[in-house]
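Asker: Right, I'll just put the structure down here and ask away after.
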Amino acid sequence: MESGGKTNRQLRKAICVSTDEKMKKKRSPSVIVIGGGMAGISAARTLQDASFQVVVLESRDRIGGRVHTDYSFGFPVDLGASWLHGVCKENPLAAVIGRLGLPLYRTSGDNSVLYDHDLESYALFDKAGNQVSQELVTKVGENFEHILEEICKVRDEQDEDMSIAQAFSIVFKRNPELRLEGLAHNVLQWYLCRMEGWFAADAETISAKCWDQEELLPGGHGLMVRGYRPVINTLSKGLDIRLSHRITKISRRYSGVKVTTEKGDTFVADAAVIALPLGVLKSGMITFEPKLPQWKQEAINDLGVGIENKIILNFDNVFWPNVEFLGVVAETSYGCSYFLNLHKATSHPVLVYMPAGQLARDIEKKSDEAAANFAFSQLQKILPDASSPINYLVSRWGSDINSLGSYSYDIVNKPHDLYERLRVPLDNLFFAGEATSSSYPGSVHGAYSTGVLAAEDCRMRVLERYGELEHEMEEEAPASVPLLISRM
């Protein structure tokens, strides 16, 4: 996938078109794809399959972006995305996963109050290590769903938006019977903690108007048992990918696009697909020439970027209950904890601590060792005899210069159509990524589908410009292979 020592001159020759060649009607159009995550790889795959000359420029020393499967434990664990949200044939990634025969472990069915988990296999504890009864957890869950229903009524009555936290306060004032005390209050805060984890953001910043605008595919949610790496590797096979190429400038002209890297290398093509994380676009690290129009820049500025991290603890034996997840309830959502039990799905003795929002930001200030110790201290609150982990992994999506956040979400007082505004092409620049998916933001299949869509838009626009619409894309209908789903 790397350049194999090609010189910059050779690279230009590979993707640039001379004046004489432009006169040839049958030449292959050229596209630069900026970003080698799921969106960028799916865009490049689609364009190359349509006989376009494509080069992918990726700032990291690996492909995948926020899809990152690590093998240092001797088996795969995902530091980034790990779920397929919507285990069904309608999911655009289902065909790829099915053809590869990759197993999924279903953690929830449709319409679960916990989004990616059902209340079937869990253990919640208070900070003293006492397990919370299933009856109370179920009762508080029903209360939480009732609160969300009341929030929808509150927001529909008002023109102005508000945060989920503000909406909670209004609901409690109107319906004091929904306000809980003692242990029940702490369990309610744990439900709120899991809602914050879904959006990778704090309730004080999540829009009450837009929190439920994404489309949830049927079939529930499935963990990728072998990780997402096989998917990204398959899609990237045969692509010209240049790693460690950080972009600093994107210049658009009528005749084409010129991209400049921090090392001073330049790449020229007919068009470019920009498949960069929203956090990177927000940072201003990349200069656009000419500047992006106000409507496009506002879309970048006004979408929220959340943070959810993973602290993955690997043990030499299993000492915890045989449930899908463990949790610690507390007086505030910030003080609650959530551990995903990978042993249930993969048979490996691994627990994954997953902080989000401000808690994730605070933990990112710690060293890897301190972060792992913090996660283990949360585990010791509920399992005081827990053995120490033999090794650990820590993600830092918020401070990673290549991501600067985990995924997008709707913030207060900003419209949901910002996703679509970010997606809309700008001359010969096309945009892809989970933050351009109004239906499936924050998901791998959302990123994948926007990459395909950007590639199709790019193909049509470029071929129209060169009068080559007869150069049709060869489509192969993927064989429908059933997904391998388990639930132990």
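From the backbone N, Cα and C atoms, a Cβ is placed for every residue, glycine too.
What Swiss-Prot records for Glu58, Arg66, Glu434 is FAD binding site.
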Asker: Within a 10 Å radius of its Cβ, which of these binding-site residues (Glu58, Glu434) has the fewest neighbouring Cβ atoms?
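Answerer: Among the binding-site residues Glu58, Glu434, the sparsest Cβ neighbourhood within 10 Å belongs to Glu58.
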Asker: Can you give the largest Cα to Cα distance in Å, as a whole number, for the residues Glu58, Arg66, Glu434 that bind FAD in the record?
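Answerer: Greatest Cα separation within the listed binding residues comes to 17 Å.
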Asker: Could you tally the C-beta atoms, other than its own, that fall within 10 angstroms of the C-beta of Arg66 (FAD binding site)?
Answerer: 25
Asker: Secondary structure at Arg66 (FAD binding site) (DSSP, helix/strand/coil)?
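Answerer: Coil, per DSSP.
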